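Asker: One structure is given below, represented as structure tokens, and several questions about it will come after.
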Amino acid sequence: MDTYTSAKINWFPGHMKKIHDQLKKLSSQIDGIIEIVDARAPTLTHNSEIISYFLNKPKLILALKTDLAQYKPNKKILFGSLKEPFKLKKKVLKTLTTLFANKRQQLKAKGLLIKQFRLAVIGMPNVGKSSLINLLINKNHLKVANRAGITKSLNWIQISPELLLSDTPGVFLKRIDEIQIGYKLVLTNVIRREVVNIEEVGMFAFNYLKKHYKQLLPFEADSFINFLEKFAKVRGLIKKANELNTNLACEIFINELINGKYGKLSYELN
């Protein structure tokens, strides 16, 4: 295999459209959002379609999985890792407090009681939304359901006297026209591998590493098929007919790359 045959990815299950519609409908009742992105591809895992429903709301963009990523600091993005839970929790709560400071002062000036700010945690599938909420909640957290004006489909969890969070299912982009972007989203575990050609993903990953991170490749090779043959031989991946199992080699290579076995990287290099 030397070329990519896929043209685009159009994978948008019906339940995701319902989530889109629901969030758009509830935007007036949500005070702010936390968008979780992948630090290996913060721009590619940013969901501008969902963000457009909350243009005038306070936003925290949090890039997780920094333990897998090579990244540059960005004033608009808070970077962190769930593998450093205490540090991450402290940074997130401090940032959220600052984010709503002005609103809190406005309410105090009017002699109003401090309201509970409702934050929707959004992001693409498998970026770490639920894991973040599990980190932020206390053992005796209060799960609030059926609040006035809030659909039963959204459960609100109290993480502080002033903050309520709602975890939303991962929502994917409606359409991806550039197949290479789709491959990168597979390699960050956002897109299920079943919807793409896994060999093409492996070939893309090999060529990407060869261009940008040659030192991370486990074996030197002139071509992708040569790489898979070396991989299968070294790992002892042999079929019954004593043939090299290059299909299994491809799957293992992708799994190990996703899990960071070869080192930190960014998927936003040209």
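Cβ atoms are placed via backbone N, Cα and C, with glycine included.
Pasting the relevant annotations from Swiss-Prot:
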DOMAIN    20-174  domain 'CP-type G'
BINDING   Asn126, Val127, Gly128, Lys129, Ser130, Ser131, Gly170  GTP binding site
Asker: On average, what pLDDT score does this prediction assign to the domain 'CP-type G' (20-174)?
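Answerer: Mean per-residue confidence for the domain 'CP-type G' (20-174): 82 out of 100.
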Asker: Setting Asn126, Val127, Gly128, Lys129, Ser130, Ser131, Gly170 aside, what same-chain residues sit with their Cβ within 8 Å of the center of the Cβ atoms that define the GTP site, listed in sequence order?
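Answerer: Result: Ile36, Leu64, Gly123, Pro125, Leu132.
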Asker: If you measure every Cα to Cα distance among Asn126, Val127, Gly128, Lys129, Ser130, Ser131, Gly170, the residues said to bind GTP, what is the biggest one in Å?
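Answerer: Per the listed residues, the maximum Cα distance equals 13 Å.
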Asker: Using a 10 Å radius around each Cβ and all protein chains in view, which of these binding-site residues has the most neighbours: Asn126, Ser130, Ser131?
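Answerer: For the binding-site residues Asn126, Ser130, Ser131, the Cβ with the most other Cβ atoms within 10 Å is Asn126.
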Asker: So of Val127, Gly128, Gly170, which of the binding-site residues has the fewest other Cβ atoms within 10 Å around its own Cβ?
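Answerer: So among Val127, Gly128, Gly170, the binding-site residues given, the one with the fewest Cβ atoms within 10 Å is Gly170.
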